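For reference, the structure discussed in these notes is given below.
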């Protein structure tokens, strides 16, 4: 679902922008601090209700304003959506889809599936399991309509159980939570396992194309020993969990691990190889969504040039072009875009950003 128009007001240093966008490639050029990454951040915020750079909303609102407003038009064939989000310094958030209030962030996220490739994205590979669970759960959110409610209820029950661990004296008092928690944990973990298994050949095939010198393997770990009953694990671990004050084992500990030639990728790959692998994983997942759901996936790419050799950059640019996806790419200069092997076409758009102002 490509964005055809984007309006930004008071988002970081972007005070007032109105962009007509290409459904193909949108190149955003500007020096460091000009606002080009903020433009990507604004698009990300529209699709997630949060920033990929800061969790403090007041840092995102322009220093002279009391709120920021983002508005976009989404086109898909004969269908069109108008979406908007307003965030105030007070913390209040207003969402609108086609002019109607009462929507949730998940409704916006459903309309705007997007993959983000930034220098910070290496945490997918060298960070903790939290980042890899988020990777899996992104795919599940867009793949299965029932996943989000199961996942949200699971988080709620885990939070309630952890609070109850500080209050109960015996396991009998906790068992009502555990009965429902165990059922949801099994459902969510099975969905994760099924999705991971379906995505695995796509990842391995795409890795073979970009990294033929390496044998990349992936494996899913559900967060407790496979083949064991989670309800029994909760019961057996009650005293330990009560002493620690939180639930130590379960789907909140799940992981999706990547290995190169049998070893953890973070131990054997160079930063350039890790950067390429991260790009490949995002690309494979986005392409899988398109193939399964016949929905377009947006790609937001910041600082693409760093740590990738020219051949790999050209391969990735060509693959993204072939995908038919809407892509947003930042660069410091237009010459840098040429060095990155991005080839402009007549359908592409090039934007120059300078001190929060933009020209096309």
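Including glycine, each Cβ sits where the backbone N, Cα and C put it.
Annotation note: residue 35 (ATP binding site) sits in a coil segment as assigned by DSSP. Among the features that Swiss-Prot reports, ATP binding site is placed at 30, 31, 32, 33, 34, 35, 36, 37.
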Non-site residues, in chain order, whose CB comes within 8 A of the mean position of the CB atoms of 30, 31, 32, 33, 34, 35, 36, 37 at ATP: 38, 330, 332, 353
Candidate with sparsest Cβ neighbourhood (10 Å radius) among 31, 36, the listed binding-site residues: 31
Which of 32, 37, the listed binding-site residues, has fewest other Cβ atoms within 10 Å: 32
Set of same-chain residues at least 6 away whose C-beta sits under 8 angstroms from residue 30 (ATP binding site): 36, 330, 332, 352, 353, 354
